[in-house]
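*Asks:* Mind looking over this structure? Questions follow.
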Amino acid sequence: MTDRPFAALILAAGKGTRMKSDLHKVLHPIAGKPMLGHLIAAVDRLGAARKLVVTGAGREQVEAFVAPLGVEVATQEPQLGTAHAVQQGEAALADFDGDVLILYGDVPLVPAETIRRMLDRLQGEDAPVAVVLGFRPDDALAYGRILARGDGAIDDMVEYKDATTEQRAIDLCNSGLMAVRGRDLWRLLAQVGNDNAAGEYYLPDIVRIARAEGGRSVVVEAEAWEVAGVNSRAELAAVEAEWQRRRRLAAMADGATLIAPETVWFSHDTMVGRDVVIEPHVVFGPGVTIEDGVAIHGFSHVEGATVRTGAEIGPYARLRPGADIGEGAKIGNFVEVKNGRFGKGAKANHLSYIGDADVGAKANIGAGTITCNYDGFLKYRTVIGEGAFIGSNSALVAPVTIGDGAIVGAGSTVTRDVEADALAVARGKQESRTGWAARFREAMKIKKAARK
């Protein structure tokens with residue numbers, strides 16, 4: 001359905017004092033993306049015609065974040081309640097001929113599908129003025145209550161502070177999220193007063209005003225997790241945990257095996273293929289694609305990387321941005337790859353740093369190999385050819401190219417290109433002195449005894 005255009009109006013004017021942070025509350029991340037970013041992504045998926053954020057304290061941070069996202073900004077100063085906050089969008093949206101969706105920047109998990117249900121209900125045959133998103137929490141706490149009939153029609157909405165004992169016994173609570181016909185919203189807001197316990201202008205009052213005019217408002221219900229809000233670090237952690245729990249379930253439903261799901265942490269954009277096995281304590285940062293049949297062993301950290309079909313990562317491996325691990329390749333324990341490409345079947349099994357490098361198919365990188373890619377000012381690239389073998393404890397000083405099939409002897413420091421199928425050995429000549437160690441020990445014993 002959702003035929004009429006809609007504008008998303010996101011409220012983000014709160015001071016967020018309980019977060020005790022210099023970062024604006026709505027910019028704190030869930031799964032690596034700011035909370036506000038999750039909401040913008042959701043309404044973008046539904047094709048929002050306009051997007052507007054109402055902010056107050058710390059607005060410069062919010063403005064900087066939304067500037068490249070096609071989002072307009074309005075300011076609420078001072079903060080006089082939710083109805084007053086929505087009113088700050090009138091100047092931008094007064095001529096908008098569509099519906100207005102009201103969201104909260106600190107309620108980041110509401111799915112696009114739930115938003116669609118709200119907008120579709122607003123276009124129902126009974127033509128409601130407003131659709132309110134309600135939920136039934138395990139503990140209603142101090143949420144506002146929705147007084148609704150069996151068909152979802154709302155008789156009244158009341159803030160907890162102003163509710164009677166009987167009203168507080170109702171378990172249908174107001175999430176604050178609402179969809180309103182734009183042609184009615186501003187007129188209704190103009191009639192909202194502040195004769196209540198807090199002296200604020202409450203958005204839910206428009207439901208009562210519309211009903212007095214003969215208009216109808218209805219409730220659509222959501223699961224409690226969808227409308228969980230964040231006002232403290234503890235609540236931020238709880239919302240993160242819920243997001244991760246659901247993402248893990250989705251990964252397993254799509255054909256991945258998570259040995260200990262509760263220990264795997266995804267980013268908002270992690271892509272995981274089928275028949276992937278992820279062992280305990282794996283962390284995915286942003287920008288990761290894991291193709292089919294990959295094994296990621298425990299305690300590995302992957303960000304900004306692509307791992308191709310059948311590759312094996314870890315344990316204790318780190319893939320940094322720009323890492324591209326080829327089909328059937330192996331990145332082993334305590335190996336770090338940054339901006340490095342590994343060809344099909346290439347291996348770096350132990351204790352290596354491979355940065356700004358191209359590693360050819362079937363190449364074998366020995367333990368302790370370091371690509372020396374930085375001189376303190378600029379980065380340089382290392383190219384290792386197909387089938388090359390790099391001996392243990394080697395340093396490859398970039399820019400340098402190791403040809404196809406070449407062998408670098410263990411312990412070498414390579415500063416010049418090595419041609420294909422050549423052997424390069426770059427280390428000091430070994431010297432052995434017969435009996436020297438025994439003579440040294442005896443001399444040192446005498447010296448030590450003389451000091452007593």
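Here the Cβ of each residue, glycine as well, is placed from N, Cα and C on the backbone.
Among the features that Swiss-Prot reports, region 'Pyrophosphorylase' is placed at 1-233. What Swiss-Prot records for 11-14, K25, Q76, 81-82, 104-106, G144, E159, N174, N231, R320, K338, Y353, N364 is UDP-N-acetyl-alpha-D-glucosamine binding site, and it gives sequence analysis as the kind of evidence. The annotation Mg(2+) binding site is assigned in Swiss-Prot to D106, N231 on the grounds of sequence analysis. The annotation region 'Linker' is assigned in Swiss-Prot to 234-254. Per Swiss-Prot, region 'N-acetyltransferase' is recorded for 255-452. The feature active site, proton acceptor is assigned by Swiss-Prot to H350. The feature acetyl-CoA binding site is assigned by Swiss-Prot to A367, N373, Y374, S392, A410, R427.
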*Asks:* Let me make sure I understand the structure: which of the binding-site residues listed (G14, G81, G105) has the fewest other Cβ atoms within 10 A of its Cβ?
*Replies:* G81
*Asks:* Any residues 6+ beyond the ends of the region 'Linker' (234-254) with a Cβ under 8 Å from its own?
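*Replies:* Result: 19, 28, 30-31, 108-109, 225, 228, 261-262, 264-266, 270, 272, 274, 278.
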*Asks:* Run through D106, Y374, S392, A410 for me and report the binding-site residues whose CA is within 10 Å of the CA of L11 (UDP-N-acetyl-alpha-D-glucosamine binding site), in sequence order.
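*Replies:* If one measures from the Cα of L11 (UDP-N-acetyl-alpha-D-glucosamine binding site), the binding-site residues that come within 10 Å are D106.
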*Asks:* Recorded positions G81, D106, N231, R320, H350: which have a Cα within 10 Å of A367 (acetyl-CoA binding site)?
*Replies:* H350
*Asks:* Taking the Cα of the residue listed as 'active site, proton acceptor' as the centre, which of the binding-site residues listed as D106, A410, R427 lie within 10 Å of it?
*Replies:* none
*Asks:* Name the residues of the same chain, 6+ apart in sequence, whose Cβ is under 8 Å from the Cβ of R427 (acetyl-CoA binding site)?
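*Replies:* Expected: G409, G411, S412, T413.
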*Asks:* Nearest to N373 (acetyl-CoA binding site) by Cα, among E159, N231, R320 (binding-site residues)?
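*Replies:* Closest by Cα: R320.
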*Asks:* By CA-CA distance, flag whichever of N231, Y374, A410 among the binding-site residues is nearest to G81 (UDP-N-acetyl-alpha-D-glucosamine binding site).
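*Replies:* Ranked by Cα distance from G81 (UDP-N-acetyl-alpha-D-glucosamine binding site), first place goes to N231.
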*Asks:* So the record assigns A367, N373, Y374, S392, A410, R427 to acetyl-CoA. If I measure every Cα pair among those residues, what is the longest distance in angstrom, as a whole number?
*Replies:* 22
*Asks:* So which of the binding-site residues is most packed in, judged by how many other Cβ atoms lie within 10 Å of its Cβ, out of L11, A367, A410?
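*Replies:* Answer returned by the neighbour count: L11.
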*Asks:* If you count the C-beta atoms lying within 10 Å of each candidate's C-beta, which of the binding-site residues D106, E159 ends up with the smallest number?
*Replies:* E159
*Asks:* If you compare CA-to-CA distances from E159 (UDP-N-acetyl-alpha-D-glucosamine binding site) to each of the binding-site residues N231, Y374, S392, A410, which comes out shortest?
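*Replies:* The smallest Cα gap between E159 (UDP-N-acetyl-alpha-D-glucosamine binding site) and any of the binding-site residues is with N231.
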*Asks:* Within a 10 Å radius around the Cβ, which one of these binding-site residues has the most neighbouring Cβ atoms: N364, N373?
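*Replies:* Top count of Cβ atoms within 10 Å goes to N373.
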*Asks:* How big is the gap, in Å, between the Cα of N231 (Mg(2+) binding site) and that of S392 (acetyl-CoA binding site), rounded to a whole number?
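*Replies:* Rounded to a whole number, the Cα-Cα distance is 52 Å.
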